[in-house]
Amino acid sequence: MHFFEKSKLDRNVFIYLLLAVLSTLSLIYCMQMDPWANSDTALYFNLAHNIAEGNGFVTNYPSGRLSFAGLNPPFYSMSLAGLDLLNLSLIEGVIVGNVLICSVILIGCSIWAGRLTHNWLASLLVPLCLFLNLDFFTAFTGAMSEPLYLLLMLASLVTLLKGIAARQGGMPWLIFSAILAGLAAFTRFIGVSSILLGCAAILIFMHIRPLKKWLYSFLYGAIGAIPLSYWFFIKSRSYSTDVNRSFVIPEDFIHRCAVFLYGIYDTILKWIPPANLIPDIRPRRVVVLVICSVILGFFIALNFKHYRALWVKHDSRLVVLLVLLLFVISYTFILFASSVFSSIPPDIYGRTLLPLLPGFLLILAILLGISFDGFGNRRSVFTFAILLAFVAGYLPASAKNTFDWATNRHNMEEGYLQAKYVHSELLEVIRNLPSESRLISNQDAVILLHTNKYPYGFPEFNCESIRARKGIPFGSGETADDRRYRDGLLLAMFNDDVARLFIDCLPENWIASRNIFFSQSIPIVVTSDGTIYRYDLNTAKP
């Protein structure tokens, strides 16, 4: 098969070193102040600690009990648990892992593009366009599961193609691909699309007897489903869960569909930097759609006979192209189903659509590579013009966006891993509290990430709620937070959060308002960056 024929470009060590050095230096520069993290990171790390301690697939909850971690699959946390067992830093492990995975993906895409096009420029441009995409770069500077998922997903796709190419001797490759697809689904639910892709691709593209096709497809699906099936089995037999995804029939079906479609459309527009020169989103959508339709129409008209001839000759690049298109369809289908029919629908934006980007770039490389048969005829001139327009329009703008973001990220502390939390005295005190201590805080995910103790969230600590209290001290009201506080929970607050909230919400008398809010609270621990309070029982109503 053309895709697996070795190429002279495989020995182009300079390009591989360039990509590895570029990605390594850029990511380390950007993560100098640690990777960005959010509430999902806190849950991933908490699950990793519990796995390492032998508690199983559980997370801590504010009530003090352990509950099954049903929000996200656990494979990313399992990989972090290995570091925890070795007493290694999870943060440093994330940084090293992101850098290594990024280099492997970029070099793999370079080899892939080079073999598909036999063109050194494509082997450089495809991974470069991928790396300079802001969504891709952002994903590899955070403590999240996307890098591991992308590696498993792409590895599953490559081994699937190898299995299809091998025909009669492809079963070992298909088994390996199914294992990788299963691990991708065990990392992120959307990885089910890789299992679906493998089953469909075997039925459509393998040239073997029909009965054997169905057998291979069934085995692929069965092997790929093992990790998630085991996880669901453990869940159903052992643990309760506070947070879980479930199937729902939405009342706002049309609205969810519209949100999904516009999310995809606007993300793809963001991946086309010149489109952002049009400030208004609606004209931008129309103009880009018209231009892309015209270009695609000309391209198909010039290449139709050429592609038909290649199909008759069984050119293997077309098979790779069709498998990539099938991947785009399967991924979009599963994402649509989870967006419309899930009780906790994912946001449709760059991060969730990122796995489509390598597919789009490789599809473009194949289309241009097949069409560019020799400079001089109409088809090649048009193809060369598209390539120049793409490079001139995409690379400079994408490079600028990514460079600006990386520079800001290098110079600015943000997220849950910034220095004020890493070296926090308040968090150190919370870390050493007795295990039976129960907390409430407006920074519940930060505390979970750094101390492995999960406080109740503090939804009352916002401008609207503070203004609505109208001088009622915290602990004297009738909200769930007030009742928990009266029942003995400790209140952990960071000084800058308190000052910022009252200054922003009640600027005219923020000091008096703050004093009233805490008037029935006794500080039991005061640190340089925060305070832990308990409710003053002497002020309780008789």
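Placement of Cβ uses the backbone N, Cα and C atoms for every residue, glycine included.
Feature annotation from TrEMBL assigns transmembrane segment to 12-29 (among others).
Taken from TrEMBL, the feature transmembrane segment covers 88-113 (among others).
Here the transmembrane segment (120-142) has Cβ contacts under 8 Å with residues 9, 12, 15, 18-19, 22-23, 26-27, 30-31, 35-38, 41, 98-99, 101-102, 105-107, 109-114, 150, 267, 270-271, 350-351, 353-354, 357-358, 361-362, 365, 368-369, 391, 394-395, 398-399, 401-402, 405-406, 409 of the same chain, all six or more residues outside its ends. The transmembrane segment annotation in TrEMBL covers 120-142 (among others).
As annotated by TrEMBL, transmembrane segment applies to 148-166 (among others).
Feature annotation from TrEMBL assigns transmembrane segment to 178-208 (among others). Panel annotation: around the transmembrane segment (178-208), residues 72-76, 145-146, 148-149, 152-153, 155-157, 159-160, 163-164, 167-168, 170, 214, 216-221, 223-228, 231, 245, 319, 322-323, 326-327, 330-331, 333-335, 338, 346, 352, 355 of the same chain, lying at least six beyond its termini, place a Cβ under 8 Å from a Cβ of the stretch.
The transmembrane segment annotation in TrEMBL covers 214-233 (among others).
If you look up TrEMBL, you'll see 285-304 (among others) marked as transmembrane segment.
According to TrEMBL, the feature transmembrane segment maps to 316-336 (among others).
Annotated transmembrane segment per TrEMBL: 348-369 (among others), in sequence order. Remote same-chain partners of the transmembrane segment (348-369), defined as residues 6 or more beyond its termini with a Cβ less than 8 Å from a stretch Cβ, comprise 105, 109, 112-113, 116-119, 122, 125-126, 129-130, 133-136, 138-139, 146, 149-150, 153-154, 190, 259-260, 262-264, 267-268, 270-271, 299, 303, 317, 320-321, 324-325, 327-328, 331-332, 335, 339, 383, 386-387, 390.
Tertiary neighbourhood of the transmembrane segment (381-399): same-chain residues 125, 128-129, 132-134, 272-274, 276, 295, 298-299, 302, 364, 368, 371-372, 375, selected by CB-CB distance under 8 Å and a gap of 6+ residues from either end. What TrEMBL lists as transmembrane segment is 381-399 (among others).
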Considering only Cβ pairs under 8 Å, which range in 88-113, 148-166, 214-233 makes the most contacts with the transmembrane segment (316-336)?
148-166
Contacting positions for the transmembrane segment (214-233) when only residues 6+ beyond its ends and CB under 8 Å are counted:
57, 73-75, 171, 174-175, 177-179, 181-183, 185-186, 192, 194-195, 198-200, 202-203, 206, 208
